[in-house]
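Chemist: Let me give you the structure first, and then I'll get to my questions.
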């Protein structure tokens, strides 16, 4: 299990939505990422939750802020601790917000065919994108906004599909995160209808790659779900994706992908009203130490969840779900929620 806890857009660092911290803050922090309920997956392809995460089928709500980026800029997504058992593809889509609509109030419906794929990576040379490749990149995945893309407001949908239980449907686990970006630049192209899908609708139980046995022992390729990658209308070939190759995603620089990186420089000017300023500090996945026997130990909720992931990972392919869950729940019962202290350091609020 996991989620994107930090994103670097055009060289600027933004803190992602923190599901175990933000809801308990007052006021609730404003983000460029749409809220997610936690680090768990979506498994039902018919629910609106498959679009940008959520629970109960209602999806998620727009975020308050917008990041600014030029067409051709890179976006680097930093993930929380990702279990090595959760093999699968890493896929990124973008969806253009309709004209005369503000992204901070726009929630696509399941019938809105707006999503086009800008990056994908699956299985190549014995390595899975979500585990082998991403872990070698400090839990970071980097994509490029197509240079040909016309200016406008876009939702960037970044996901991992975990295949460790995908022998049948339902089984595959989907982890989508959505970010709000104002794209600038001289680009003039909008993807044609052949490149667009809806969510739900972009994947079905019979889509190649949705069911897949990763334990067969004879894997040579993997059919990545969804349409082909769009970089321009001229380059787009149409049809269904059958790519099994890892993308040419570049390794993010150490200043963009590290959860312990130094504070980002404040942007000298906002791109537009409601635009997000870069994070004043890079919040790591977990800064609290592991649970200790001492009653004075401060345990961050993210540490509880990361230890839960490791417990599940260690028991694959048949983990002790009840035991790992009980340990997680006991940890969370006494956990605190990591936040920025007034001193600017991570920890409990100091007064």
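Positions of Cβ are set from backbone N, Cα and C atoms, glycine also.
What Swiss-Prot records for this protein is below:
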BINDING   1, 86, 175  Cu(2+) binding site
DISULFID  52-178  disulfide bond
CARBOHYD  53  N-linked glycosylation site
CARBOHYD  138  N-linked glycosylation site
BINDING   164, 173  O2 binding site
LIPID     280  GPI-anchor amidated serine
Chemist: Within 10 Å of residue 53 (N-linked glycosylation site), Cα to Cα, which of the binding-site residues 1, 164, 175 are there?
Modeler: 175
Chemist: Near residue 52 (disulfide bond), which residues of its own chain have a C-beta under 8 A away, given they sit six or more steps off in sequence?
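Modeler: Those within reach of residue 52 (disulfide bond), by Cβ under 8 Å and sequence separation of 6 or more, are 34, 36, 59, 60, 155, 157, 176, 177, 178.
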Chemist: Fill in the CA-CA distance, residue 86 (Cu(2+) binding site) to residue 164 (O2 binding site), as an integer in Å.
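Modeler: Cα-Cα distance, residue 86 (Cu(2+) binding site) to residue 164 (O2 binding site): 6 Å.
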Chemist: Just to verify a number: CA distance, residue 164 (O2 binding site) to residue 1 (Cu(2+) binding site), in angstrom, no decimals.
Modeler: 11
Chemist: Fill in the CA-CA distance, residue 173 (O2 binding site) to residue 1 (Cu(2+) binding site), as an integer in Å.
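Modeler: Between the Cα atoms of residue 173 (O2 binding site) and residue 1 (Cu(2+) binding site), the distance comes to 9 Å.
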Chemist: Mind checking which of 86, 164 has the fewest other CB atoms within 10 A of its CB? They're the binding-site residues.
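Modeler: Output over binding-site residues 86, 164: least Cβ neighbours within 10 Å is 164.
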Chemist: Could you tell me the C-alpha distance between residue 1 (Cu(2+) binding site) and residue 138 (N-linked glycosylation site) in angstrom, no decimals?
Modeler: 17
Chemist: Give the number of CB atoms, excluding that of residue 175 (Cu(2+) binding site) itself, located within 10 Å of its CB.
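Modeler: Total other Cβ atoms inside 10 Å, all chains included: 25.
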Chemist: Counting every protein chain present, what is the number of Cβ atoms, excluding its own, within 10 Å of the Cβ of residue 138 (N-linked glycosylation site)?
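Modeler: Residue 138 (N-linked glycosylation site): 19 neighbouring Cβ atoms within 10 Å.
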Chemist: In the structure shown, with every protein chain counted, which of the recorded positions 53, 173 has the densest set of Cβ atoms within 10 angstroms of its Cβ?
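Modeler: Ranked by Cβ atoms within 10 Å, first place goes to 53.
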Chemist: Taking 10 A as the limit, how many CB atoms besides its own sit near the CB of residue 1 (Cu(2+) binding site)?
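Modeler: Its Cβ shell of radius 10 Å holds 20 other Cβ atoms.
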Chemist: Reported as an integer number of Å, what is the Cα distance between residue 175 (Cu(2+) binding site) and residue 138 (N-linked glycosylation site)?
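Modeler: Residue 138 (N-linked glycosylation site) has its Cα 18 Å from the Cα of residue 175 (Cu(2+) binding site).
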